[in-house]
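Feature annotation from Swiss-Prot assigns ATP binding site to G46, I47, S48, G49, G50, Q51, D52, S53, T160, K189, T211; the stated evidence is sequence analysis. The annotation Mg(2+) binding site is assigned in Swiss-Prot to D52, E165. What Swiss-Prot lists as deamido-NAD(+) binding site is R140, K173, D180, H260, K261.
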Amino acid sequence: MSLQEEIIAQLGVKPIIDPEEEIRKSVDFLKAYLRKHPFLKSYVLGISGGQDSTLAGRLAQLAVEEMRAETRDDSYRFIAVRLPYGVQADEDDAQKALTFIQPDVSLTVNIKESADAMTRAVEATGAKVSDFNKGNIKARSRMIAQYALAGSYSGAVIGTDHAAENVTAFFTKFGDGGADILPLYRLNKRQGKQLLAALGADPALYEKVPTADLEEEKPGIADEVALGVTYNEIDDYLEGKSVSAQAQETIESWWHKGQHKRHLPITIFDEFWK
């Protein structure tokens, strides 16, 4: 088995999907988790205005609506939270996403004060916090806020990790990679677009250029620029298609470098890192 085949098998990617079937699969998955854990009454998710959180948010809202109808328990709810660092440049996109999602509860926690305070506290030791490192502090501040809300509302935190993000490990360890449940896992980027289209989303919500937008020295830098490979190439790779040698090398390099992000803290019994 080639490395490409191993990755596809591990991430559970299908070359062709039925969007309606995958929507139902994700919604049922989210509902099943709530049923199994009756002490949970909510899902919490940060909404950025990008494709992934828009999709995960709408799926979560559908899941809790069905839970309320099926259980006659009106305490189930989806909590969407905006987590800007100061003023977000594409705030309009985030508001459009919220309009589409129609969450039960919409909150805002501005992370600027906490992220800046942590940066100052670390630099007070004499350590230098790079722009990239501060970007990770921002991502982890968002994780802390989501878990604080989940703790207040008997909730679980939804993550937006999907196959195209996972294969490149394009997420912050214990930041946006920190979550309880991943309803998009198994889907690549173009398949996520198919689900949003099937859900009736405005194409503008999934056709915008993806960006993590964590670095102040590189504001709005596109994911594809940071990765050195396009999402079309990543998706083709995950669907078992042939890609250029350069694209394959880049994708597989990210896969190897990011292995530590896909595991719990390493123990003496782990072998994957050797």
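Using the three backbone atoms N, Cα and C, a Cβ is placed for every residue, glycine included.
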So the record assigns G46, I47, S48, G49, G50, Q51, D52, S53, T160, K189, T211 to ATP. If I measure every Cα pair among those residues, what is the longest distance in angstrom, as a whole number? 19
Within 10 Å of the Cβ of T160 (ATP binding site), how many other Cβ atoms can be counted across all chains shown? 26
Please report the distance from the Cα of E165 (Mg(2+) binding site) to the Cα of D52 (ATP binding site), rounded to the nearest angstrom. 10
In Å, rounded, how far does the Cα of D180 (deamido-NAD(+) binding site) sit from the Cα of T160 (ATP binding site)? 11
Compare the C-alpha of R140 (deamido-NAD(+) binding site) with the C-alpha of each of the binding-site residues G46, S48, G50, D52, T211, and give the closest one. G46
I'd like the Cβ neighbour count for K173 (deamido-NAD(+) binding site), meaning other Cβ atoms within 10 Å of its Cβ, all protein chains included. 15
Rounded Cα-Cα span from K261 (deamido-NAD(+) binding site) to S48 (ATP binding site), Å: 22
Please work out the number of neighbouring Cβ atoms within 10 Å of the Cβ of G50 (ATP binding site), leaving out its own Cβ. 22
According to DSSP, which kind of secondary structure is G50 (ATP binding site) found in, if we only use helix, strand and coil? coil
Out of the binding-site residues G46, G50, D52, T160, T211, give me the one sitting nearest to H260 (deamido-NAD(+) binding site) by CA distance. T160
Reduced to three states, what secondary structure does DSSP give R140 (deamido-NAD(+) binding site)? helix
